[in-house]
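First the structure, then my questions, so here it is.
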Amino acid sequence: MTDIILCISKKGQKKRCSIVLYSILAFFLIFAFPIFPMVSSAKLVMLFIVFEILYFKNFKERIAMFVYQFKAFPQIYYLLFFYTIVVTVIACAIEMSLVSKVFSSFLLYIISFFFFTEVNKYLDVSKVVVYCFLVQSFIIILAIFSESFFSFTAPLRSAVNDNHELAYGRLRGNAVCGYQFFGIATMFTFIVIYLILHLKDFKYGILLLLPICFASICSGRFSIVGIFIGVGMLIVKNVVNGKFSNVIWVCAIGISLLISAIALLYNNVDNIEDPLMYKVVQHYLIDPIDSVLFQDSFQTSSTDRLLEMYEEDDIKQYFWLGAGRYTNPDGHYFGGVDIGYYRMLGYYGIIGFLLITYTLYYLIYCTRSDLDIYTKHAFFINFLVLNFKGDVQVFNNNIIPIVVAFLFFSSKEKLLFKI
């Protein structure tokens, strides 16, 4: 009897240790923050997965699971990879930045799937991802309001240039993450959308949403599109399901709270004594509202710069055939523009642009995903909208772990494979 109790106790302890370990590793994989020079937290997770595969000797089984769930996605991605090589050769790019990017991203799809398959044995993967972003939100908020905490976490974030630091101070670029500004803001949009559409799956969904939305908007103003898309799709979902009273309730409460909060802040901005909070309200609320009310347009420094980029002609010469490169010789991204659609066309030309779009469509709609159709629609729309502002592709590493987690591990049932 004692032996049985000890055995049960050891199993329980092992499970608890696994839960803690995989929760930490999930944070490591998603945010890919620097640990040592040239070594990110995501690379440590990749190394962990490799050792795990070598120990259990189950690589063939895992690959079979991956192929079953992703269906023809690997073949489509192989075509994208082959086309990348062709474009690079034809354009005489004499460098492999785009080829390397596409190849490494496919490996990240595999690693992410392998990892979350293990997490799924112990935890609800989608909730783990949301809670990782909740922790990140508190880190961001603490960094904004505490200079000592900001300095303490500085080694665990990607470097921010002096211009950004002067412009934003601790307001942006403060996440424990390898991606800052628009990079992490785009990651937050997927979390906000998922949380809005699955509030009932979380005990305190609204309370979780508040710090996550705040951190998201502080990371990048454009991330507010995630809130609009999430709420919009929630309304569509309720209308389709005949829950009109829910739609009226959501719209009435949401609009009332939004107008009240905006009016309160707008009329009392001069009473804010904290210079950092004043800067937040001024940049993210007062300036855009003033531009709408007094200039008959929505303008911020960010939108002004974006409009300038749309008028730049240098990258447009590559729109037909593509330049076959992801970065410039100096290491900065190719073309010098943020606009995602311009960069897609600049990398690949029109044919590659269509291939990338189809690859994304197939990933979301044609694989054996267990995600509900409304969240799929919201994610796809989110990709399309975000690309007007920045580079959010099917091969962008900051998005891949999140998309894999939500697409293939959102069901409450454990993942089953028919191999």
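Any Cβ shown, glycine's included, is placed from N, Cα and C.
As annotated in TrEMBL:
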TRANSMEM  19-35  transmembrane segment
TRANSMEM  76-96  transmembrane segment
TRANSMEM  102-119  transmembrane segment
TRANSMEM  128-146  transmembrane segment
TRANSMEM  178-197  transmembrane segment
TRANSMEM  204-235  transmembrane segment
TRANSMEM  247-269  transmembrane segment
TRANSMEM  345-364  transmembrane segment
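What does the local environment look like for each feature on the list?
Remote same-chain partners of the transmembrane segment (19-35), defined as residues 6 or more beyond its termini with a Cβ less than 8 Å from a stretch Cβ, comprise 41-45, 48, 111-112, 115-116, 118-119, 122-123, 128-129, 131-133, 135-136, 155-158, 175-179, 184, 187, 397-398, 401-402.
Non-local neighbours of the transmembrane segment (76-96) in the same chain are 102-103, 106, 109, 318, 321-325, 329, 347-349, 351-352, 355-356, 358-359, 362, 395; each lies 6+ residues outside the stretch with a CB under 8 Å from one of its CB atoms.
Counting same-chain residues at least six beyond the ends of the transmembrane segment (204-235), those with a Cβ under 8 angstroms from any Cβ of the stretch are 130, 133-134, 136-138, 140-141, 144, 171-172, 175, 180-182, 184-186, 188-198, 247, 250-251, 254, 280, 284, 300, 302, 374-375, 377-378, 381-382, 385-386, 389-390.
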Can you say which of 102-119, 178-197, 345-364 has the most Cβ pairs under 8 Å with the transmembrane segment (128-146)?
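Between the candidates 102-119, 178-197, 345-364, the best contact partner of the transmembrane segment (128-146) is 178-197.
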Hey, which bits of the same chain come close to the transmembrane segment (345-364), Cβ under 8 Å, at least six residues off its ends?
70, 72-73, 76-77, 79-80, 83-84, 87, 98, 315, 318-326, 334-335, 337, 376, 379-380, 383, 393-395, 403, 407
